Amino acid sequence: MDSTLSSSLDSRATLRGLASINPGAPSARIESYEGGEKKCISDVRRTFCLFVTFDLLFITLLWIIELNVNGGIQNQLNKEVLHYDYHASFFDIFILAVFRFAALILAYAVCKLQHWWAIAITTAVTSAFLIAKVILSKLLSQGAFGYLLPIISFILAWIETWFLDFKVLPQEADDENRLLLVTDTSERAPLMHPGPLSDGQFYSPPESIADSDEDIEEKHDHEKPVI
């Protein structure tokens, strides 16, 4: 009887543990996904914004080095900014990097845009401007920076396009679909879960009515005549 009672108590504890764990699993998943959605910006989008910032800083650094190499920063700023010449100045390449940074950060960090049209515009404008400048200007005759600045600017613009189109948007779409799937699964689950089983449902079997062997022997001893 003791073994039966202990086994019943163990099974009751197991059932209670299952009842307490299983109903909470979908809700725990939903809370984890909702916690990810509550972030201001996703991790992959944050990486994209950091790369856009790197684009601006790298082009700015190259332009400052070019100014310093070709006769001093102050004199070259006066020449390239105040007396701007499309055919010989690198200032427009710096402005192009500022344009990409402002447009992409505004679209994908501030407005949290989930479409590729903004980066398509910036990349198209960058490519068209750089190709026209290389063809029409005299940058290729101004040394290494005449090659370096247009090529680096062109490559960074297309890397940003690739990263957004193949990394940021697909991963965010997968996360959203996963969240919808988990939410739909939790909504289909039963609203009322079985509660803990009461003690009355577990009982030991009643004792047998038939007399045991010991009782029969005692009864025979009492019935024997006393001599």
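Cβ from N, Cα, C; glycine included.
Record features (TrEMBL):
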- 41-212: domain 'MENTAL' (DOMAIN)
- 48-66: transmembrane segment (TRANSMEM)
- 86-109: transmembrane segment (TRANSMEM)
- 116-136: transmembrane segment (TRANSMEM)
- 142-159: transmembrane segment (TRANSMEM)
- 189-227: region 'Disordered' (REGION)
- 217-227: compositional bias 'Basic and acidic residues' (COMPBIAS)
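Comparing 48-66, 86-109, 142-159 for CB pairs under 8 angstroms to the transmembrane segment (116-136), the maximum falls on 86-109. Counting same-chain residues at least six beyond the ends of the transmembrane segment (142-159), those with a Cβ under 8 angstroms from any Cβ of the stretch are 51, 55, 58-59, 62-63, 65-66, 69-70, 88, 90, 93, 96-97, 100, 122-123, 126-127, 130, 133-134.
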